[in-house]
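Student: Annotation source Swiss-Prot lists topological domain 'Extracellular' at 1-735, 790-796, 865-888, 947-955. The N-linked glycosylation site annotation in Swiss-Prot covers Asn35, Asn44, Asn55, Asn258, Asn275, Asn397, Asn402, Asn462, Asn527, Asn557, Asn684, Asn794 (among others). For 736-756, 769-789, 797-817, 844-864, 889-909, 926-946, 956-976, the entry in Swiss-Prot reads transmembrane segment. For 757-768, 818-843, 910-925, 977-1095, the entry in Swiss-Prot reads topological domain 'Cytoplasmic', with the evidence type sequence analysis. Annotation source Swiss-Prot lists compositional bias 'Polar residues' at 1074-1105. Taken from Swiss-Prot, the feature region 'Disordered' applies to 1074-1187. Positions annotated as compositional bias 'Basic residues' by Swiss-Prot: 1114-1124. If you look up Swiss-Prot, you'll see 1125-1174 marked as compositional bias 'Low complexity'.
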Amino acid sequence: MRLFFKFFYLSNEGFDNELCGNFKSPCKNIGYLFNNSRVDKNFNSTFYFSPGIYNLSSSIIIIDFQVGINLIGIGENKKIIITTHKGTRGVISYNSNLIIRGITFDNCKVKKNEFPLYVPETLTDYSDDKLDYLTLNYYIGTGGALQIVYSKVYISNCVFSNNKGRNGGAIFTVLSNITISDCIFYSNQALMRSEDGGNGGAIFFGLSTNAIILKSIFKNNMAITGGVIVQSNSELRVEDTVFAYNQASNGGVFLIFNDSKIESTRCSFYANYANISAIANIQNSFAFQKSCLYQENMASAMGGVFSLVDRTILFVTLSIFNDNYAPSSLIVENHGSGLAMFTNCEFTFSDNFKRQIIQSLFSISNYNFLLLKDSRVSNSKGNVIWCTSNAIIVVYNTTFYNVSSKVINIHSQGYFFSISTTFIECKAEDYLVVLRNGARGILFRNNFIDNNGILMVFTTYNSSMIIIESKFFNNIVRNELIAVRNEYTLQIYNSIFKNNIGKTRGCIISVDQLGKLTSTNNYFINNTSVYGTIINFVKKRFNYWHTDFQCFSTFKNDTIVNNTALVSGAIVYYRDKIIGTKYTCESCLFLNNIAHFGNNINSGFHSFSVIQASKVHSNEHFPALIYAFDQFDNLIRGKNDIRFHVSSCDDIHLTGVTSSTIQLNGVTALYNLKVNSPENHFCNLSYKSNPKKGDVKLPISILNCPQGEEMFDVSYQGKVFQCLKTIETSNIAKTVMIITTSILVLLILLCFGITIAYSKEKVINFGNIVFLILMLFSCLFLCIIIYVSIEPTNFSCQFSAIVFPIGIGILFTLTLLKQYKIYKLFKYSDFLKINTDNLKMVKYAGLIMVPVFLLVLIGVIVYPSKPTFILDLHTKTATKYCISRKYYVFSIVIVVYEVIILLTSCFIAMKSKRYHSTPGTFYESLFNSILIYNYTLVFIVLIPLFYTLQNNPTTIYLIYSIGSSILVFATLSIIFIPKINFLFRRKQIVSTLKKTIETQERDIQRNKDLLIFYKMFLIEKKNNNFNNNPIFNIHETFSSEDEDEDEEDDIGEGIYSLFNHWDQNKRKYNNNQIYPNQIPKQTTNSPSSQSIDFLNNPTIPKNKSINNLPNLFKKPKKKLKSKIISKSANSSPNINNNTINNNNNNNNNNNNNNNNNNNNNNINNNNNNNININTKRRKSMDPSLDS
């Protein structure tokens, strides 16, 4: 056939006329040439476009130009731009041959057809369905730049940008052959949302289209489905093409359906996006991908790269998948029933790839087939293969490296075949291979090396796994390498397990005895676990499939060497009871397998026994030893997860350490157990364990308390009974105090008898017999307390609480009144009326004791003291005390009150100190003061002891007893013993006093002579006009106090006054005058018949006259200085020891006169030397008698 060619030139600067179209005179509009019949269909016409923008007002319509139409751009394609008015398509090719080269189609947008539908006659043999598909579904508004129907089109070096169409934003083809080479498709769109629109953002390859795309770029194209290309019943071959940043709702790059075919070679897919299928959504079609790169493509729902539906076949080889993402499936979402095969592919994820939700790389949810061969998956963070159907999955010679989740996860009755697969350095947070719900799996010559995770292989729910000639080296698992559950079938042949570690349970195999386990010709070497290094039989679970399923296990020709269990079960460990037969291995080699706390075969906790005492005292400590055993009667050693608890029956209260955890040695103890119940009770203690393994009940009975102990309820809430040793007052203390008190009682009675018998004696009468009797009765009451307080009873507690404070109060009160009366009488010089009126004394004592009586009465009535046992559980003793809840408050008030009485007494005693040795008082003031001081000292010591030492009955009794005894003894020894001594040793006392006085007189006379001589010497010196001579005032009584008060005086005045005083006494004596003490004269002159209280007045001897004295002793003519010589230290009258001496000497003189002794000179001299010479004070004084 002969071809004819025509050439036309077009330019924006050209003119449309009959002569245009040549190089020198180009036409402006290509439509002018077609509309004016200048283009002959029998010629191959070529249109050359000069650089410029050609804005078409109507489409370039090419119909039946089978010889050929060529649209050629001159120069750069970017400078030759064909665009159209809004709503106008660029080129329409019907039944033609078209070549387009070097032209840019920009912003061509079509909404409807401008030309009636052309259906070639050759289509009349098509079925009505296809004609309907062609004319109605995809024809209207398609192909913004090109619409190609039943044509052959070759496009090269063109740019399609910003074009829009209902289907096929740039190109739409039907029944055509199209080749696209070296083109760029940029920002084309198919987004019309009317029915059946929005398909193929760049190209729509429709019915019976054969397309080839070479070395092109598709970027930023957009559609509802098929962001770049939609294929429907067409074939496409793509080579060396780049697809980047395209997006769609479904199929970010391709939407391939309706028996289409696509073959992609050396293509790159980068950062494409879709909701479903970031690259291709393939439905009922065939896709072949070779040597392609898929990087960072993303689907928001599923199918990060591919989605397969219906009978689709996908074959991918020699391709790389890097950082693609979809939450459901990063690579393939397969809902079809076809095949998906990946060979020699690499699936990688960079360190920067961080997504929160990753389900899997391959998701299979229908009956289909997946082949992963000669590939590598690395750094995956999700499941690699997820299957929820009965699909067939084959993994051959593939490596899984650093996978952090499951590699195979089959949830239904699928089939998994792994051949020559390697799992290396996977750090799975879960399992690597999982088969569930009847799935079947075979691992043939697989390698598990340096992996770390929970498990490597897991099958459950009637699933089966066969492992043949596989190797498990250097893996670390939390549980075991292989775990099978619930009617499983696990068969392991000719495999090696070496240097694996199980961190928490077993190491190699974990089974639940509800399946079939076969191990033949395997090697288990240097593996380590906690329990059951080789096989760990865990607790059985519910049988989901058959209730009569039995376990069958076969172990044959295995080699088990150098395996270690950190706790127990170096080879086998049963966590639950044995259901089937025990582990036995035929023709197996066991060598150097070690369990640190067990044997080669052990089981978990199976039973326990308890050792406890069968008879104890109530609330007595006793231990219970518990031993835990496994099913092989070995102690459960090395565990601490078994807890035991003991409980008692209702009528016995149990305390102590009632719960405990098993120790590493398999034994635990419940320490300090105590059962509390009255005597002779019986109970069964129930011991329980957790995990529960049946109760152990042991009888225990409550014994009677041993001798010397009693049963007490030691709890504030009751029901806690304990035998305690009763602490009583020491027998030695009782004996000693009873003897001591008895002696004191005898002394009291003796004193009482003597007081009554000698009541008229002055020494008794002077002390006030009522006072003495009351004191004796108070002492007797205190002694009675000692007898009564031996044993705490209701009476003794009340009696002691009443009598003790009242008794010591009476003693303190009487001594206070006595001392006060003595002080008052001497202070007002009424000392001669020393006897206190009895009625007044009783009255005053009663008034002082009223507060004590009231406080004791109120305290005893409101808070009565009762005997109560005080329990000390630390020492296991019970001590009986007299206790009142708040009586101590009243007792403190009473103590304070009585301390006030004592302090007042002490104060008065200190004020009365100068009256202690007053003559004629029998030293009542002195002895009473001493008694007060003793009372105070004893009471101050007794009170703190009484309130602090309350923890022992012996101590309390001794405080009462010794305190009372000391008070009684002090009273008797200070008040009564001196009087009794005076009554029965009167002569001896008088004789002793006489000798003492005579000795004192001689000493005084000698000293006085020396002083007078010295005085005379000084006077003589003074008369000789010596200057600065010391002048001494010599007091004739030699009182230190007088020396301090006297002024310097002349010695002559002193001597004159002395003899003048003697003369006055002489006259009084001769006239039978008696001193104011009104002591009657004695009728006899015998010393023995005279009372010790009677003292004669001193006299001046008659044979001595004052006139006969030397001049030195005469009264000087000058007037005497008035002065106060001395104040007595004892009383207001000037009565002192010198006076006593003088009186005694006078008595001696009288006796000597009656016996006609001539010793008057000596007597007078003695009297002269010992008489006080204070004349002024003497006039107001009366002599007193001294005892």
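All positions are counted from 1 along the displayed chain.
Just so you know, glycine gets a Cβ as well, placed from its N, Cα and C.
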Student: Give me the Cα-Cα distance between Asn684 (N-linked glycosylation site) and Asn557 (N-linked glycosylation site), rounded to a whole Å.
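Tutor: Pair distance, Cα basis, whole Å: 52 Å.
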Student: Taking the transmembrane segment (889-909) as the first stretch and the transmembrane segment (769-789) as the second, find out whether 3 or more Cβ pairs fall under 8 Å, excluding pairs closer than 6 in sequence.
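Tutor: Touching, no - the transmembrane segment (889-909) and the transmembrane segment (769-789) miss the threshold of 3 or more Cβ pairs under 8 Å.
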Student: Take the C-alpha atoms of Asn462 (N-linked glycosylation site) and Asn557 (N-linked glycosylation site) and report the distance between them in angstrom, rounded.
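Tutor: With distance taken Cα to Cα, Asn557 (N-linked glycosylation site) is 27 Å from Asn462 (N-linked glycosylation site).
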Student: Honestly, do the transmembrane segment (769-789) and the transmembrane segment (926-946) touch, with at least three Cβ pairs under 8 Å and pairs 6 or more apart in sequence?
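Tutor: They are not in contact.
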Student: Taking 10 A as the limit, how many CB atoms besides its own sit near the CB of Asn258 (N-linked glycosylation site)?
Tutor: 14
Student: Taking Cα atoms as reference points, which of the glycosylation sites Asn35, Asn55, Asn258, Asn397, Asn794 is nearest to Asn557 (N-linked glycosylation site)?
Tutor: Asn397
Student: Do you know the mean pLDDT across the topological domain 'Cytoplasmic' (977-1095)?
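Tutor: That region's mean pLDDT is 55.
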Student: Given the transmembrane segment (736-756), which of the listed stretches 844-864, 926-946, 956-976 has the most Cβ pairs that are under 8 Å apart from it?
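Tutor: Result: 956-976.
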Student: So among Asn397, Asn527, Asn794, all listed as glycosylation sites, which is physically nearest to Asn44 (N-linked glycosylation site)? Use the C-alpha atoms.
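Tutor: Checking each of Asn397, Asn527, Asn794 against Asn44 (N-linked glycosylation site), the shortest Cα distance is to Asn397.
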Student: Output, ordered by sequence, the same-chain residues six or more apart from Asn55 (N-linked glycosylation site) with a CB under 8 Å from its CB, or 'none'.
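Tutor: Correct list: Thr83, Thr84, His85.
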Student: Roughly how many Å lie between the Cα atoms of Asn527 (N-linked glycosylation site) and Asn402 (N-linked glycosylation site), rounded to a whole value?
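Tutor: Distance (Cα to Cα, whole Å): 22 Å.
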Student: Check the DSSP secondary structure of Asn527 (N-linked glycosylation site), expressed as helix, strand or coil.
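Tutor: Asn527 (N-linked glycosylation site) sits in coil per DSSP, no helix or strand.
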Student: Quick one: Cα separation, Asn794 (N-linked glycosylation site) versus Asn258 (N-linked glycosylation site), in Å?
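Tutor: Their Cα atoms are separated by 114 Å.
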